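Presented below is the structure to which this report refers.
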């Protein structure tokens, strides 16, 4: 056996000593193991980061779903109160003697718009968020279109109510002529042509709310749809839609609000100047009537104030809120939008105690009718007793 002495091999090639050769192989082996370990650790690290990213995305997705469910739960009770309050006003207002007038009809028109708006949020928007119904989200523009129509009905009714209060205070003598009959109605004997101005005004306001919406939002494909990032409705970002939103949404509503504020300020200032004269010269019956008119004015002003607050939060404050503040944007837009229609019904019920009296009177009548049905012998006994006495 020939051992290498480090000087050279039989073929003249240089050979490393055995000890050095073994150390070299060990070093190569260690480097390979280190490299394999590094690759393995790198692979494991990448795999771990991938799973961490997927897990984080899943958690974020789950958090988004949970937040969306919470948004639906927040909206539902507010909208449900609006449903009960506004449908109560809309259905019972014709039974109240004090509201069988122009103001009552305009209030009913406003309550119907508020009731539709609250019903859509309670029974369409809330289930869509809570259950994550993709079909409803896909066609959320239809829901948005209904909401815009209901909102326009309520908005135009607000303006008509402010005009009604203005005429009743500033021009009480001409009030009946303005809000009841057209000057040319005497030309027609048929009662069909003697429809009151209030009814025509309501029909005109509803037409202005419904008909242009199909041209603006359907014909021009300007959709008002739901986005689940902020749980709000928003318009499409097309140039045509941007023009429509600016003129038919922002400027229109702000012009109406400005008109309502100016009309209400003038009306309230006139009320203050009339108060002293009213107390000194008016009869008791006339003073009672004027007191009811003042109560209607307070209701109209408070509803207009709530309406103005909602427009400020929706159009002025919400666009300036950072996109990361999802909950703040949600409360300033969606929740504020639902609250203003809910408060309309609450304010109407609060300023007209006859609503609660009518409701409880109906409950008492049902209880009494049920009692008489369950106890018919009582009436027979009393009748028999009366016959015995006489």
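Residue numbers in this text run from 1 along the chain shown.
Any Cβ shown, glycine's included, is placed from N, Cα and C.
What TrEMBL lists as transmembrane segment is 24-50 (among others).
What TrEMBL records for 70-93 (among others) is transmembrane segment.
As annotated by TrEMBL, domain 'G-protein coupled receptors family 1 profile' applies to 85-317.
Tertiary proximity for the transmembrane segment (114-136) is limited to same-chain residues at least six positions away from its ends with a CB under 8 Å from its CB atoms, namely 65, 68-69, 71-73, 75-76, 78-83, 86-87, 89-90, 143, 146-147, 149-151, 153-154, 226, 228, 231, 338, 341-342, 344-345. Feature annotation from TrEMBL assigns transmembrane segment to 114-136 (among others).
The transmembrane segment annotation in TrEMBL covers 201-218 (among others).
Summarising the annotation, TrEMBL assigns transmembrane segment to 230-248 (among others).
Long-range Cβ contacts of the transmembrane segment (295-317) within its own chain (Cβ-Cβ under 8 Å, at least 6 residues beyond either end) map to 103, 110, 155, 158, 161-162, 164-165, 168-169, 250, 253-254, 257, 260-261, 264, 267-268, 271, 332-333, 336-337, 339-340, 343-344, 347-348, 351-352. According to TrEMBL, the transmembrane segment annotation covers 295-317 (among others).
Cβ atoms under 8 Å from those of the transmembrane segment (329-351) belong to residues 71, 74-75, 78-79, 81-82, 84-86, 88-89, 107, 110-111, 113-115, 117-118, 121, 151, 154, 230-233, 295-296, 298-299, 302-303, 306-307, 309-310, 313-314, 317-318, 321, 323 of the same chain, restricted to positions at least 6 beyond its ends. Sequence annotations record features per position, and here TrEMBL assigns transmembrane segment to 329-351 (among others).
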Long-range Cβ neighbours of the transmembrane segment (70-93) (under 8 Å; 6 or more residues past either end): 99, 104, 107-108, 111-112, 114-115, 117-119, 121-122, 125-130, 231, 330, 334-335, 338-339, 341-342, 344-346, 348-349, 355, 358-359
Remote residues contacting the transmembrane segment (201-218) - C-beta distance under 8 A, at least 6 residues beyond either end: 105-106, 109, 113, 145, 148-149, 152-153, 155-157, 160, 179, 224, 244, 248
